[in-house]
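Participant: Take this structure first; my questions come after.
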């Protein structure tokens, strides 16, 4: 029955709309951070959709007001969810004050991974199946395909039929976006990969705060350095669409 309730609109809506005070011991501020981050993500994606608009001048000048940089840099909004995930994993682990034998027991960490996999995988794979089955019915004159960035409807289905197993193993983010089944699931892949390495930091911090902080410092410095060397420092979200913007401007000027 609990499996069926997990897909119940009424049950899930009741939980999401519940305004009763949270239980004692919960981090109440996380709900506000989730809301603000979700709003930030939605605003950033709305801006991304404006790239395909015919009126290009507002798109090219919208970063001039200082406050608009909040939306233009919406790439950073997803990082808050990674922070929340890491905070909750650490909070739950240290809140229980685990005994040494519990931390050293391999079964503890085996169940740590199994619980995560079973909690996420059935739902996401069921959704991907639904996505592949229903997507062809959305094909029409408004279907969008941008070479090198987005696939057409038929290509989306073909990629999912061929590479669905990557999503099941949470490695789909390691491949080109045109070879990803349901590309926005990159977040789940990255979050799961971070979840896999989290015990290294938890155990290090459990045995030695100095060692734990050392590993945490490396986790900040190394990714930042690698990203800078590989991508540089992007000014804003529109830089991703630089090639697309130039192409549209060329077409616009050629039509004048």
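First residue shown is number 1, and so on along the chain.
Positions of Cβ are set from backbone N, Cα and C atoms, glycine also.
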Participant: Could you check which of 31-51, 157-177 is flagged in TrEMBL as transmembrane segment?
Facilitator: 31-51
Participant: Which sequence positions outside the transmembrane segment (194-216), separated from its termini by at least 6 residues, show Cβ-Cβ distances below 8 Å to it?
Facilitator: 82, 85-86, 89-90, 93-94, 98, 103, 109, 112-113, 116
Participant: Should anything in the same chain at least six residues away from the transmembrane segment (117-137) have a Cβ under 8 Å from its Cβ atoms, list it; otherwise answer none.
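Facilitator: Counting only partners 6 or more residues beyond its ends, the transmembrane segment (117-137) has Cβ contacts under 8 Å with 6, 153-154, 156-157, 160-161, 164, 167-168, 181-182, 185, 188, 192.
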